[in-house]
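Among the features that Swiss-Prot reports, ATP binding site is placed at T65, S66, A67, G68, E69, G70, K71, T72, with the record citing sequence analysis.
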Amino acid sequence: MNDDLAIAQATKLKPIDEIAEFAGIERKYLKPYGNYIAKVSHRIYEELAQREDGNLILVTAITPTSAGEGKTTTSIGLSMALNRLGKKSFVTLREPSIGPVMGIKGGAAGGGYSQVLPMEDINLHFTGDIHAVSLAHNLLSAAIDAHLKFDNELEIDSTQIYWPRAMDMNDRALRKIVVGLGGKANGYPREDKFIITAASEIMAILCLAKDLEDLKERVGNIVIAKNKKKEYVLAKDLKVHGAIAALLKDAIDPNLVQTIEGTPAFIHGGPFANIAHGTNSIIATKIALKLSDYVVTEAGFGADLGGEKFLNFVSQVAGFKPSVVVLVASLRALKLHGGAKKDSITEENLEALEKGFVNLQVHYENLRKFGVPVLTALNVFPTDTDSEKKLFEKLCEKHGIPFGESRVWAKGGKGGEALAREVIKLAETHTSEYHPLYLMDTPIEEKLDILTREIYRAKGYELSPTAKAKLRSFKKNGFGNAPVIVAKTQYSISDNPKLLGAPKDYIFNIRDLNLSAGAGFVVAVSGDIMLMPGLGKEFGAQRIDIDKSGKISGLF
């Protein structure tokens with residue numbers, strides 16, 4: 001079989017006008033970027049608002065291997081399969097961050113015969129949204145240092161500045177820096193750092209805002225520092241929130257592209273799921289729901305990260321009511337959770353598979369707590385043996401877990417038809433009784449207790465002295481009931497990446513709490529979470545090339 005890029009480049013794309021017409025998007029709302037990409041004005045929602053929503057299908061996964069479980073590929077393939085079965089569908093996904101594309105992860109536009117296209121553009125720059133977020137973020141950084149240099153009327157404490165700088169590249173040398181060197185003309189020296197743009201609060205805001213006015217208000221509410229009286233200083237105190245919103249005036253519009261089979265796709269926004277809420281923009285999904293029978297959307301990493309955040313936080317903010325949750329699993333990941341060595345998970349190992357199945361069980365049970373029908377999708381790999389697949393089926397039947405096989409990587413939409421039929425059956429015969437595990441105004445301590453016990457299966461949690469002090473400050477300043485986004489490892493249900501399978505009855509440690517007042521949540525940090533990745537000894541950029549005709553190679 002050809003590699004992903006060869007398959008993508010061999011596909012004859014439809015003009016974006018045709019994709020928009022099929023989706024029901026009028027030409028007046030389109031801003032084309034070449035022949036195969038277009039921005040869709042977010043204002044189209046005003047015209048569509050009175051229509052009924054289609055069915056929202058959330059795709060999440062078990063605790064993944066470092067290679068991922070294939071959520072994006074499954075999401076794309078499922079949307080194509082639904083279209084093949086006569087259901088008008090849309091897929092809504094996050095935009096890839098260039099840093100990981102150039103690093104170890106590679107591209108993030110699906111794979112095999114289940115891709116969104118044009119994949120080279122999607123993976124490299126796209127419509128410039130991430131660059132716009134970087135500029136907006138760094139305008140605020142520059143404004144802070146300008147204010148410090150010229151009189152500092154807000155009395156900002158230079159040792160209590162929370163706002164870093166941002167760049168969409170993996171660069172470990174920028175994790176800790178000193179700015180303002182070179183004399184008084186360059187400002188005052190202080191410690192600073194860079195984070196990757198996907199980790200910026202502005203990226204989270206872009207994906208949560210309902211319109212430009214809401215976006216501007218949220219940006220204005222970003223807490224950038226404390227002053228010398230220990231009071232919060234906000235972005236609007238520097239009077240740059242209007243300019244930041246202006247920089248994002250096009251970025252707020254969803255990007256329309258197509259799947260390999262011509263299914264409409266929105267690719268918009270890219271917050272990470274282990275440090276933010278981990279799903280594409282609310283605007284894109286809300287528009288798609290008005291245009292389709294079925295919208296397939298993905299939440300990053302496992303069900304304990306992106307899945308939990310979508311169901312507890314994003315759905316409450318947006319007013320979503322998911323119809324079905326699809327839980328993607330692979331035999332190789334289950335074998336890893338059952339004790340198989342990382343370099344041998346492609347080999348048959350029935351004992352490890354049976355032992356590791358408990359990871360799937362826990363995620364399935366957790367998702368059912370939200371009142372939404374859950375379907376497991378077995379992402380089939382060529383190395384899966386018949387004996388392993390039979391054992392998986394037997395275990396699912398034993399524990400009452402409905403499942404369907406996904407072969408979309410190898411067969412495109414046709415390989416997802418069995419899964420799509422099960423999704424349709426669940427959506428049309430089961431009423432979703434969706435409910436979050438906590439309400440928005442629940443105190444932070446109660447939210448943490450619910451999450452650590454119900455999702456992470458801990459017996460409780462413990463706050464570090466730093467986290468306790470910050471919680472007191474949040475309460476004092478009116479943020480004691482803020483929604484909670486837990487930043488933790490993606491490789492375990494717990495806070496320890498080495499605890500595979502289904503750990504339980506441990507203490508979940510929270511070392512820090514960070515306020516994202518503009519986005520509207522508090523981030524509870526557990527363990528070592530990296531906000532600026534680094535390139536490895538060997539990395540993706542070393543494989544990427546371009547010839548004299550402009551044809552790109554090496555992307556995957």
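Note: Cβ is positioned from N, Cα and C throughout, glycine not excepted.
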Can you tell me how many other Cβ atoms are located within 10 Å of the Cβ belonging to G70 (ATP binding site)? 28
Cβ neighbour count within 10 Å of E69 (ATP binding site): 24
Please work out the number of neighbouring Cβ atoms within 10 Å of the Cβ of T72 (ATP binding site), leaving out its own Cβ. 25
Cβ density check for G68 (ATP binding site), other Cβ within 10 Å (all protein chains) comes to 20
